[in-house]
Amino acid sequence: MGDSNYSQQLLDHQETLPTTKAASASQNHKKLSIIPFIFLIYFEVSGGAYGAEAAVGAAGPLCSILGFLIFPFLWSIPEALITAELATTFPGNGGYVIWAHQAFGPFWGSLIGSWKFLSGVINLASCSVLCIEYIKFVLPLFSCGASRYFAVVSLALVLSFLNYTGLVVVGYTAILLGIFSLVPFILLALVSIPNIDPSRWISLNEDRVKTDWSLFFNTLFWNLNFWDNASSLAGEVDRPQKTFPKALFSAGLLTCLAYLVPLLAATGAIPLKQENWVNGYFADVAQIIAGKWLMIFLEIGAVLSSIGFYEAQLTSCAYQLLGMADLGVLPQCFSVRSKWFNTPWLGILVSTLITVAVSSMNFADLISSINFLYSLAMLLEFASFLWLRRKLPMMERPFRVPLELPGLIMMCLIPSGFLVYIMSLANGTVLLVSSVVSALTILWYFMTNHFCKSNMWNHFNNVGPKLMDQDLD
């Protein structure tokens, strides 16, 4: 049948799509309003300039400032626009799993779900590790060894329990954490003004310091991605068709300022010593410029930022598993909510256990693994977006990227090229982790679809007619 007939058929059957199950299941509990949602997106993407120091150490002040100024236009804005269109068109907790499922079928939905989920839980581990990187300046006991690992694991367990207490609680907690984690950087910017020398902003590398482009681009990418994670909460947001575009725009503006203002202040106020620019160095900058009081304040802000970052990321991971269960990709037990807090407790538990398991990896390998898995998933997400636009041109889209298909292809081309470049930087450990994850995902899909379901060994949701399996010709 023709494309227009197929589009109309999907519209006629829209209420049977799996995106509606999560939305209908969440009607009886309080949903997120726009302000908590903005701060959840902000923490899913950023949480502040904590962790951006490595960019200066890798490529100098000028490249870092330009990177955090230009990269959002090349990467963050296209990703946020795609998220706004698809999340408002398919407002369910599965997010990108639903998009790939609708575009190419359940296998690809399962694959993107696994890639995004694993990148998310590894990101949780990096969050705990980054938090301890700041705490160790005050408590050197946690610098290395068993005490460091114990601190990382304990932090993960405590924050996971907080997440279990409810999404609305997490949302309003994110507002408070966001405000208190930003205040130290605002103070740093203000006290830096008398010491700022603008000529320092155009400095390249110091003499005899080689640019580490791999570290630089991995740092940029890690600090400015995960915009689409918000889509896994579409079923929990009040009026998602209106809320999503506004929240994404507001969080984007907040994120850009949260990076640029501290970078401009710190690099402009003190002479460049690149070897010092590693994770946690903003605390040293605060002490040099204002004294120990601001260093301690900034370290407290780093801990609060890490808490907000962890809570937002864990929320997305847990609700993604819930959405995948609604789609029938995972067993129905993953869609069961807590009787006390209405949260997907099994998703929270599984995410936490995997986070604890990978917390022993070093920070650089964590970031590279996150970026590689996320890049694979984003390439599939871009393809899903373009394919849905081509095959379903008549489908109602509450928010629509104001470009036709050729323009959309161009919009996705530059980010896709960057994704391929990021993947080319992966080392052997990252390639091994990604290969194992992909192989296990494929094995899981065929095992559940062709063995477990047929033998009724576990209960999977029946999501109704699979319209995407119909002939498109």
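Glycine residues also receive a Cβ, built from the backbone N, Cα and C atoms like all the rest.
Long-range neighbours of the transmembrane segment (34-52) within the same chain, counting only residues 6 or more positions beyond its ends whose Cβ lies under 8 Å from a Cβ of the stretch, are 64, 68, 76, 130, 134, 168, 170-172, 174-175, 177-178, 181-182, 185, 219, 222-227, 229-230, 233, 237-238, 243, 246-248, 250-251, 254-255, 258-259, 262-263, 279, 282, 301-302, 305-306, 308-309, 311-313, 315-316. If you look up TrEMBL, you'll see 34-52 (among others) marked as transmembrane segment.
Long-range contacts of the transmembrane segment (58-75) within the same chain: residues 52, 200-206, 209, 211-213, 215-216, 219-221, 223-225, 252, 255-256, 259-260, 263-264, 267, 272, 274, 414-415, 418, each at least 6 residues beyond the stretch ends and with a Cβ under 8 Å from a Cβ of the stretch. According to TrEMBL, the transmembrane segment annotation covers 58-75 (among others).
TrEMBL lists 96-115 (among others) with the feature transmembrane segment. Residues 17-19, 86, 90, 228, 231-232, 320, 323-324, 327-329, 373-374, 376-377, 380-381, 383-385, 387-388, 391, 437-438, 440-442, 444-445, 449, 466, 468-469 of the same chain lie 6 or more positions beyond the ends of the transmembrane segment (96-115) yet place their CB under 8 Å from a CB of it.
Remote same-chain partners of the transmembrane segment (172-193), defined as residues 6 or more beyond its termini with a Cβ less than 8 Å from a stretch Cβ, comprise 35-36, 39-40, 42-43, 47-50, 162, 258, 261-262, 264-266, 268-269, 282, 285-286, 289-290, 294, 297-298, 300-302, 304-305, 307-308, 311-312. For 172-193 (among others), the entry in TrEMBL reads transmembrane segment.
What TrEMBL records for 247-270 (among others) is transmembrane segment. Long-range Cβ contacts of the transmembrane segment (247-270) within its own chain (Cβ-Cβ under 8 Å, at least 6 residues beyond either end) map to 34, 37-39, 41-42, 45-46, 48-49, 52, 56, 61, 64-65, 68-69, 72, 76-77, 80, 83-84, 182, 185-186, 188-189, 192-193, 195-198, 200-201, 203, 223-224, 227, 230, 282, 285, 288-289.
Within its own chain, the transmembrane segment (290-310) is flanked in space by residues 39, 43-44, 46-48, 50, 124, 127-128, 130-131, 134-135, 137-138, 155-156, 159, 162, 173-174, 177-178, 180-185, 187-188, 191, 280, 282-284, which lie at least six positions past its ends and keep a Cβ under 8 Å from the stretch. What TrEMBL lists as transmembrane segment is 290-310 (among others).
Beyond the transmembrane segment (345-364), the same-chain residues lying 6 or more positions past its ends with a Cβ under 8 Å from any Cβ of the stretch are 117-118, 120-122, 124-126, 128-130, 133, 149, 152-153, 156-157, 160, 163-164, 215, 279, 314, 317-322, 333-334, 336-338. What TrEMBL lists as transmembrane segment is 345-364 (among others).
Tertiary proximity for the transmembrane segment (370-389) is limited to same-chain residues at least six positions away from its ends with a CB under 8 Å from its CB atoms, namely 79, 82, 85-86, 89, 96, 99-100, 102-104, 108, 111-112, 115-116, 118-119, 122-123, 126, 218, 221-222, 225-226, 228, 395, 405, 408-409, 412, 415-416, 419-420, 422-423, 426, 430-431, 433-434, 437-438. The feature transmembrane segment is assigned by TrEMBL to 370-389 (among others).
Away from its own ends, the transmembrane segment (401-423) comes close to residues 74-75, 78-79, 81-82, 84-85, 217-218, 221, 371-372, 375-376, 378-379, 382, 385-386, 389-390 of its chain (Cβ-Cβ under 8 Å, at least six residues beyond either end). Taken from TrEMBL, the feature transmembrane segment covers 401-423 (among others).
The transmembrane segment feature in TrEMBL is assigned to 429-447 (among others).
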